[in-house]
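Q: Dropping the structure in here first, questions after.
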Number of protein chains: 2
Amino acid sequence: MEKMNLNKHISGQFNAELDDIRNRVLAMGGLVERQLEQALDALAGLDAELAKTVIDGDHKVNGMEVAIDEECTRIIAKRQPAASDLRLILAISKTITDLERIGDACVRIAKAAVDKRAKSQEPLLVSIESMGRHATRTLHATLDALARMDAEQAFELHKEDAKLDKEYEGIIRQLMTYMMEDPRSIPGVLDVLWAARAVERVGDRCKNICEYIIYYVKGKDVRHTSYEDMEKDLHQ
Amino acid sequence: MEKMNLNKHISGQFNAELDDIRNRVLAMGGLVERQLEQALDALAGLDAELAKTVIDGDHKVNGMEVAIDEECTRIIAKRQPAASDLRLILAISKTITDLERIGDACVRIAKAAVDKRAKSQEPLLVSIESMGRHATRTLHATLDALARMDAEQAFELHKEDAKLDKEYEGIIRQLMTYMMEDPRSIPGVLDVLWAARAVERVGDRCKNICEYIIYYVKGKDVRHTSYEDMEKDLHQ
């Protein structure tokens, strides 16, 4: 009896630890989402002050990555989790890497907002803003799927990335035309182009996180899998 | 006595398993290195056939990532490793993600070699080739440090990335001038620019792998750490 209580107690602590890293990864996601919103606001309003806030805030994102990863390793070593608990921890450990990289993308977007050359290309920033809002919605929905560990939503979002890619290609074409029409604009337009690329990368990162959610829920690694096979795995 | 033998037997099997994933990650590294060399050869010689070999070969890299990651999870669940064994497995699990992304970069470089627009920019490809060889040497040395789990070499290589970044910036400036002088060249030059960016990313990935080597050997997460602090950690 006493042993049973002890086991229960230990498993209660273990569950609390798992809840804790889940909450921490969601907090990190919330921070990254705010960084992305502010970076896009800074770019849209060419607000150097706000851009600086984003750039200065990146170390917090980095710190969270290292701290959560350390905690993941500690839990694996101490609790020796199996099956779905282990998958959860490994999925979290991979998710935070992608969140940190989204944080880096935010810094790149913010840097374009303080760049004097990009400022001369103000009209071009409108199209990035629209793609940026799309990326923000995708990130928000991805974090939502992560909070609820919703594999169906993760699968739907995974497909969303192709739309962002299309939007990005359209912007690249637009920027190309602009450069050809006015070669003096090239350095400034390239800065805008790097920002657009950073936004597009946010979509790729969200796609990765969706794959980890599906991996956790379904116990199956769906990276490099076609949508058809992925759908079969989801509904079998 | 029998139990001791059994323990020895189990730990012998465990060591064999660890050796096995170490060998597999090195084999994956070898494949990626070959992909990079061939992608750069294809670009330098504008050899569409060789480029196709690289593009077709990427699924092997992807397959190795998934298989090794699965094996890492299996070992953690079955062997419940602690301390340095666990760090080894987690470092490998992260390394293969970066190797797979280097594989994606190879595909992007190879695609530039089959692109008709890039072909019109043949003189520009020379500077990428030089940076590409630098990146190949960095990857080779990184895999060498990984094979010997040499934290000192990993630290030296980690600094190398800054040089590749400088080379990349020089190329971007060169491409920019070229576009400004001849606006009709812009679409073709942009293809070259994407290939240059892919090469630069190889350096970033090598830097990540070096951080995992240091993490394994020193038990310390050096991501987002200054060189000075990193050096202190290494030699304390």
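Any Cβ shown, glycine's included, is placed from N, Cα and C.
Just so you know, TrEMBL annotations are computer predictions that nobody has curated.
As annotated in TrEMBL:
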type: DOMAIN; residues: A:26-112; note: domain 'PhoU'
type: DOMAIN; residues: A:128-213; note: domain 'PhoU'
Q: Compute the average pLDDT of the predicted model within the domain 'PhoU' (A:26-112).
A: 95
Q: Counting by DSSP, what is the helix, strand and coil composition of the domain 'PhoU' (A:128-213)?
A: 83 helix, 0 strand, 3 coil
Q: For the domain 'PhoU' (A:26-112), what are the DSSP-based totals of helix, strand and coil residues?
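A: Per-class counts: 82 helix, 0 strand, 5 coil.
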